[in-house]
Amino acid sequence: MEQITEHHPIPSSASRFAASILTALVFVVALNLRAPLTSVGPLLPRIGASEHLNATMQGLLGSLPILAFAVVSPMVHRAAERLGIERTVLAAMAFLTLGIVIRSACGTIGLWVGTLVIGCSIAVGNVLVPAIVKRDYPGHTSLATGIYSACMTGMAAFASAVTLPLSDAIGWRGTLGIWAIPAGIVTLLWLWRSRANAQRTNPAAKTAADAQPRSRQSTASETRLRVSMWKRPEAWAVTLFMGLQSVNYYVCVTWLPTIEVSFGVPADRTGWHLAVFQLVGIVMGLLIPVLLKGDSQVAAVVVASVPLAIGALGLAFAPQLDLLWIIVASIGSGCSLVVALSLIGLKTSTTEETTQLSGMAQCVGYLLAAVGPTLAGTIYDITSGWRTVLIMLAILAVAQTAIGIIIGRNKEAGR
């Protein structure tokens, strides 16, 4: 089984410009890790009417990719060991393109099957992108994390803004299918990167290394690492932080347009408000790395978590100021994602540890998050209102703050 090495994928013989372009393609991958999902939220009322889905089933449709994240994430490390990180990402982007096409073009069954394929594909990127960033940008992990988070959130915001106008023109299926274009482009670009890297690798050296049996000591070391990661309290704290921020994010991107409509906001404005939610998050995601420098991340955790509670409670009890509360919540949401992803890199020492903690955090974290949209829809079906859901989000944000402070104070966490 091929080990995930710590070597930079771009050898020193490559020109600086070519090396920079190839390395930066990880950010192009990030552009495709949220838009295929956030484009669904504004369309849920139309999808529900077309496919005869109640709020619970619509929530399940929103939760299905997150369930896929939870199931697939722990398998990604093993796949990357066997295939290599580059080829694993390439396969994920190819399947992402296929899943988008299936979701939009293959009827009711295709809607669910395609959504599942999309979730599995994005799960691979979710796990490996933090490891690639740590490997390719040593010493600048938090800044690079902020940039790729901005890429994810920026494309997600664009998707939210254009979804309803596109749906008016080409229907909801065509709107969901259009995201196969950027996914196909990034697949081709990553194929170029993979081939360029392969051409600069010494095949003889690689073959000789692969032919050598792995020592018992190496295997035992990896076993201890894999077991100890699941036994580390700090790893569980990172995992819970990831899960709680994911619950807030996915409930918002799934249900925020519907919640606003229930408060009397015109439907055509809700897509733009969801875009604002994403765009403000981009700015904050780029600024929050300043607070992640040094040994303590407590300040970053507070800035990331408290606005989520304020925004949810504000929207619950003063919905006439909906845009204000959306902006406040987006400050927390944008920061929370960067903090969660940065903690994975900051609390580990090697690329292999980062990949394993990333898989653990995203497996358990997204399993928690998957409950969010479906539970929110069920609560609405029971109560015929959204206030209880918003109060639930505020409580989860308080729990996120407490857990984040615990992990943020621990200078030696995960090492």
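One-based numbering along the chain as shown.
Every residue gets a Cβ built from N, Cα and C, even glycine.
Taken straight from TrEMBL:
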- 234-415: domain 'Major facilitator superfamily (MFS) profile' (DOMAIN)
- 17-35: transmembrane segment (TRANSMEM)
- 55-76: transmembrane segment (TRANSMEM)
- 88-105: transmembrane segment (TRANSMEM)
- 111-133: transmembrane segment (TRANSMEM)
- 145-164: transmembrane segment (TRANSMEM)
- 170-192: transmembrane segment (TRANSMEM)
- 234-251: transmembrane segment (TRANSMEM)
- 271-291: transmembrane segment (TRANSMEM)
- 298-317: transmembrane segment (TRANSMEM)
- 323-346: transmembrane segment (TRANSMEM)
- 358-380: transmembrane segment (TRANSMEM)
- 386-407: transmembrane segment (TRANSMEM)
Taking pairs 6 or more apart in sequence, does the count of Cβ pairs under 8 Å between the transmembrane segment (386-407) and the transmembrane segment (55-76) hit 3 or more?
no
Let me spell it out: take the transmembrane segment (323-346), skip the flanking residues so only those 6+ beyond its ends count, and list any with a Cβ under 8 Å from a Cβ in it.
130, 133-134, 141-142, 145-146, 149, 152-153, 238, 241-242, 245-246, 248-249, 252, 256, 273, 276-285, 288-289, 292, 297, 300-301, 303-312, 314-315, 354, 357-358, 361, 365, 397, 400, 404, 407
Considering only the recorded stretches 88-105, 145-164, 170-192, 271-291, 298-317, state which has the highest number of Cβ pairs under 8 Å to the transmembrane segment (234-251).
298-317
Cβ under 8 Å, sequence separation of at least 6 from the ends of the transmembrane segment (55-76): give me the contacting residues as numbers and ranges.
37, 40-41, 44, 47-48, 88, 111-112, 115-116, 118-120, 122-124, 126-128, 246, 250, 254-255, 355, 358-360, 362-367, 369-378, 380-381
Are the transmembrane segment (111-133) and the transmembrane segment (271-291) close enough to be called in contact, which here means at least 3 C-beta pairs under 8 A that are separated by 6 or more residues?
no
